[in-house]
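Step one of this worksheet: look at the structure below.
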Amino acid sequence: MNINDKIGIYPGTFDPITFGHLDIIKRACKLVDKLIIGVAENVNKHTAFDTKLRTSMAENEIKGLGIDADVISFNGLLVKFAKEQNASVIIRGLRAVSDFDYEFQMSWVNYKLLPEIETIFLPASEDTQFISSSFVKEIARLGEDVSKFVSKGVQNELINLNRIKNGE
């Protein structure tokens, strides 16, 4: 790692990590010298999986794909985390216009807090543009196959989660 290397942060809740997230991660790696996947510990957002497991799932997914990136959990302001990691860019994926509205507002706030950190938006690929962690969890909760949206390892975690919730 060189002192002049461009470090990017791809933040998210990753509850769970999906093929859509992995698509953005693969593409983001081409844009920066080092990518950090920031697993957000968001106290205002109820997650199905705890931060440790979400971080572990992300680590397993990128390792399985041979992606050279770090996975680090964080809480608090994203721009503060980015600054702590010496990142110069935040990378966000966009699925639909509704994502853009929210993400554009957040990028403005982040810019006001730390103007030296830029935000890059990557549109979702056509085959992943409508995958969301919420949809995946609901489909899995109903006992349906989610293999088109997440890896086998994540599927197994969803099955375990639903067994626990159902008292099995």
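Even glycines carry a Cβ here, placed using N, Cα and C.
Residues or ranges marked as substrate binding site in Swiss-Prot (evidence: sequence analysis): T13, K45, L78, R92. The Cβ of R92 (substrate binding site) lies under 8 Å from the Cβ of Y10, P11, E103, M106, S107, T119, I120, F121, L122, each of which sits 6+ residues away along the same chain. Reduced to three states, the DSSP call for R92 (substrate binding site) is strand.
The annotation ATP binding site is assigned in Swiss-Prot to T13, F14, H21, G93, L94, R95, E103, T128, Q129, F130, I131, S132, S133, S134. Counting only residues at least six positions away in the same chain, the Cβ atoms of T18, F19, G20, R95, A124, F149 sit under 8 Å from the Cβ of I131 (ATP binding site).
H21 (ATP binding site) is surrounded by 24 other CB atoms, counting those within 10 A of its CB over all protein chains shown. Taken from Swiss-Prot, the feature site 'Transition state stabilizer' applies to H21, supported by sequence analysis.
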Query - Diameter of the substrate binding set by C-alpha atoms, the set being T13, K45, L78, R92, in angstrom - result: 18
Requested in this report: By CA-CA distance, flag whichever of H21, L94, S133 among the binding-site residues is nearest to K45 (substrate binding site).
Outcome: S133
**Report entry** Packing count at L94 (ATP binding site) (other Cβ atoms within 10 Å of its Cβ)
**Finding:** 18
